């Protein structure tokens with residue numbers, strides 16, 4: 001990769017600059033010069049030499065290091081073509097020389113090694129350290145060292161973290177609102193003081209139970225299912241839009257300062273092609289409905305596989321609950337359903353980790369990199385990267401959220417009723433708790449989010465750190481051998497220092513033994529944060545503390561990524577860009593999905609609508625009475641009765657399960673005589689649908705108003721660009 005090393009400690013500030021290398025290639029040493037791999041190496045090196053690239057070859061153990069020096073003419077051609085293309089807001093000083101702020105990526109990042117060493121040292125001291133956890137980020141220095149693409153990642157992550165502060169604060173307020181009425185809420189008191197006997201939750205081993213046994217569960221349910229969560233869900237949907245619009249303004253300011261506002265990826269790749277081969281021809285744009293259909297079919301098959309895995313997790317939960325209820329340990333026996341939910345969430349997390357690696361290593365790479373020859377005819381590296389990003393995120397999103405969608409919208413709604421239970425693999429499907437289904441969704445989200453953020457960060461940091469610690473010894477041995485090499489004997493005819501092979505090898509090994517990086521390193525960082533953004537917005541109605549967890553994680557994530565990239569990993573190849581690319585479109589899609597999902601969670605999963613209907617239609621206050629609690633009797637109203645005298649109920653419940661109880665309750669709106677759905681069920685269902693439509697239309701209108709109200713580009717940026725263009729036109733005319 002690009003050279004990236006600390007300056008020699010014994011070099012004086014007045015000593016001449018040592019000759020540097022633009023790129024270092026490392027290959028396995030080949031003993032047989034006639035084998036295929038050796039022949040390919042020679043052919044590749046010959047092609048480099050034809051382009052006047054100087055190659056220095058050093059052998060160390062079983063590795064061969066190749067130091068590459070590109071001719072200055074190559075960088076000059078790149079600079080000139082970039083200038084005439086107008087893709088980098090090019091401008092020069094009065095002497096016609098290119099200023100530091102506007103130099104091209106190839107020349108600026110790869111041939112100024114001493115400046116990069118100094119910048120790396122500055123970043124280590126001021127940014128890439130844990131003691132700088134709450135300090136600002138030097139975006140210009142990051143851009144100088146890593147390039148615009150990585151600088152924009154940190155710019156976006158910093159902005160996302162900053163805007164999480166109001167979301168996290170409001171989420172905590174909503175949580176505290178639920179906590180404030182913990183002991184006085186009539187619904188909680190009704191559950192805790194109830195003598196209602198509930199029907200068995202599973203076959204054979206489960207017994208009837210008292211509703212008051214789940215008093216703690218009812219309290220937890222109220223923390224995340226109250227009136228405040230509705231307002232918070234609306235706020236987060238609008239917050240997602242404001243975040244994106246404000247991000248576009250924030251990005252515009254910085255890319256305008258960096259002189260890449262008008263940068264064009266197509267022109268950049270054309271310039272690179274011309275510099276490499278003056279007689280090149282551009283890759284043509286192509287489109288085929290047959291190829292697109294084939295890719296769509298393959299992607300659909302992959303999504304069906306993911307949905308199948310979600311069904312497997314459902315089967316696990318259905319089977320685990322009755323098995324745990326047979327356990328001799330009283331705690332597991334009494335909390336079988338809750339433990340089954342938590343075990344299902346942990347298994348879901350393990351599945352996510354496995355499938356993520358499968359998608360990345362095989363399926364997405366196959367679909368993008370191999371099928372592009374026959375199916376996807378992308379005409380540039382950027383287009384291929386976009387295609388990979390969309391596929392990989394789609395697979396990751398469905399892997400993460402398939403189980404959550406089941407818990408949010410299907411759990412407890414397709415399980416049937418006593419006498420007519422729906423069964424899977426011979427086991428009854430799960431039921432919702434009488435206090436509501438939202439707590440199951442909260443448990444699922446909390447477990448996955450905490451495990452994913454905590455374990456991912458631990459492995460993300462410790463693996464490159466351990467590798468760096470293990471591989472320091474080789475470079476230290478060579479450092480003791482080297483001595484002081486910047487003497488007169490090491491200077492060439494122009495007075496430039498040419499370090500000896502031991503010094504070169506010492507520096508090259510120091511970088512080679514750092515953790516490896518590739519074109520997907522930055523993609524993985526973006527994927528992790530965009531998935532977190534999905535958690536923070538999509539089901540936030542069930543988990544108001546999600547923005548707080550995201551905020552805490554991101555404060556450490558920024559510093560962890562900085563330490564990892566500056567100290568523990570090889571420096572990524574700098575690349576120009578003026579945006580975060582297709583990730584902007586992905587975030588916009590998540591924002592729309594968040595509106596739909598939160599509307600469905602409140603309308604379908606939450607008890608907000610049934611409570612509303614009861615208050616104004618069936619409760620004590622329905623006739624205008626105000627001297628009593630309006631929600632008194634709500635829990636009892638949501639329960640239906642099953643009688644052992646019914647033959648179908650006798651088939652589902654054994655006598656030993658009932659403990660001489662002739663009737664029990666279950667959560668549903670059904671008639672006690674024939675178990676048909678009551679008019680109250682249809683009224684609640686109609687109000688649910690009406691609320692979902694109203695919620696989504698109101699929030700979407702608010703999103704459009706917010707997007708219109710906040711312009712993408714600040715007026716100052718527009719005026720600065722106008723003056724820059726005018727100054728350049730005058731200079732060209734002169």
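Glycine is no exception: its Cβ is also placed from the backbone N, Cα and C atoms.
Values in this document were obtained by computation on a predicted structure and should not be read as measured data.
When TrEMBL is compared with the stretches 261-282, 371-392, 393-414, 415-436, the one noted as transmembrane segment is 393-414. TrEMBL lists transmembrane segment for one of the ranges 129-149, 192-212, 339-359, 444-464, namely 339-359. Of all ranges given (50-76, 77-103, 293-319, 482-508), TrEMBL attaches the label transmembrane segment to 293-319. If one looks beyond the transmembrane segment (229-247) by at least 6 residues along the same chain, the residues whose Cβ comes under 8 Å of a Cβ in the stretch are 156, 159-160, 163, 166-167, 170-171, 174, 536-537, 540-542, 544, 547, 584, 587-588, 590-591, 594-595, 598-599, 601-602, 606, 608, 695, 698-699, 702-703, 706-707, 710, 712. Tertiary neighbourhood of the transmembrane segment (580-604): same-chain residues 152-153, 156, 229-230, 233-234, 236-237, 240-241, 244, 248, 251, 382, 385-386, 389-390, 393, 408-409, 438, 441, 526, 530, 533-534, 537-542, 688-689, 691-692, 695-696, 699-700, 703, selected by CB-CB distance under 8 Å and a gap of 6+ residues from either end. Distant neighbours of the transmembrane segment (530-556): 133-134, 157, 160-161, 164-165, 167-168, 170-172, 174-175, 224-225, 228-230, 232-233, 236-237, 239-240, 393, 396-397, 400-401, 404, 408, 438, 441-442, 445-446, 448-450, 452-453, 457, 583, 586-587, 590-591, 593-594, 597-598, 601-602, 605-606; these residues of the same chain sit at least 6 beyond its ends, with a Cβ under 8 Å from one of its Cβ atoms.
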